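K.L.:
I have a structure here, written as structure tokens, and I will follow up with some questions on it.
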Amino acid sequence: MLSTCHCRTQKTLSISEGKEHRKKVLLSKSLLPFKRCKFFSLTETPEDYTIIVDEEGFLELPSSEHLSVADATWLALNVVSGGGGFSSSQPIGVTKIAKSVIAPLADQNISVFMLSTYQTDFILVRERDLPFVMHTLAAEFTILRVVNGETVAADDFGVTNGFVKPKLVQRPVIHPLSSPSNMFCVTSLDPDTLPTVATLLMDVMFYSNGVKDSVVGNEDSGHIRFFSFSLIEGYISLVMDVQTQQRFPNNLLFTSASGELWKMVRIGGQPLGFDECGIVAQISEPLAAADIPAYYISTFKFDHALVSMNSVSLE
């Protein structure tokens, strides 16, 4: 089977907490174009909301003083076998691509931004780094690019011209780790059922502060607010804690056959930024070596790994 990396152009942005009513208005407006986007992801953390959106959706976002946009355009790569699309049958986890994609890119000083979903894993790289990505992965992958809905070979764009191999870098572990007490679920939802939970979904996304005290508990409990919603190429993925999952109707959300729960590891004591390399590799490589399933979600300020509780205890 031929493995390929497909890449699509995206924008990464953050909405700060700001004034509560302004935040809710901006977020509501930011969701208006998502049905027209082929790539949309929103993740809530205690610090902010991180949105990853394709260029069409980005052009429709309202301007705001609370909106921060990454200073680069990113390409979202996902690895598929046989050149087909990603599957919605079972989650696979970032450990499957740790050695073949993530570690080689880190070794070549290429910064990545990760988004794991229920269906697949997306490795976002800066568009300007595509020549380095192609050179690094060419031995194992065929890299294809989606342009105007059509898939073409990335080298048709001449992006390898003038390539200069970057210097290999050391990857020391330098960021502190923390683990909130929440237990998380990685789930999916049939897009046809989205209207039936639209009100609940909006409530979970935008009014979680009010739910926190009654359902999750106070900050001293060790719980954090974390909710991720992605709608990519017609596939929906959600990451939420078990308390939030209990608010959804029974038998509506898809989970893996084993129905495992996930423990979160947060990476970084201070905002990580976008230039540092090897952060994802530092987490995913040891997990891959131990054959421990994991998901990985980068946000505007911090990174988050989800580790299956069926495989490891973090106590």
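Placement of Cβ uses the backbone N, Cα and C atoms for every residue, glycine included.
Automatic, uncurated: that is what TrEMBL annotation is.
Features from TrEMBL:
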DOMAIN    34-67  domain 'CASTOR1 N-terminal'
DOMAIN    71-137  domain 'CASTOR ACT'
DOMAIN    175-257  domain 'Cytosolic arginine sensor for mTORC1 subunit 1/2 ACT-like'
DOMAIN    259-308  domain 'CASTOR ACT'
K.L.:
Helix, strand, coil residue numbers for the domain 'Cytosolic arginine sensor for mTORC1 subunit 1/2 ACT-like' (175-257) per DSSP?
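P.N.:
Helix/strand/coil tally for the domain 'Cytosolic arginine sensor for mTORC1 subunit 1/2 ACT-like' (175-257): 32 helix, 24 strand, 27 coil.
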K.L.:
Count the residues of the domain 'CASTOR ACT' (259-308) that DSSP assigns to helix (H, G, I), to strand (E, B) and to coil, and report the three numbers in that order.
P.N.:
11 helix, 17 strand, 22 coil
K.L.:
Could you count the residues of the domain 'CASTOR1 N-terminal' (34-67) that DSSP puts in helix, in strand and in coil?
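P.N.:
DSSP classes over the domain 'CASTOR1 N-terminal' (34-67) add up to 8 helix, 14 strand, 12 coil.
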K.L.:
Give me the mean pLDDT over the domain 'CASTOR1 N-terminal' (34-67), rounded to a whole number.
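P.N.:
The predicted confidence over the domain 'CASTOR1 N-terminal' (34-67), as a mean pLDDT, is 80.
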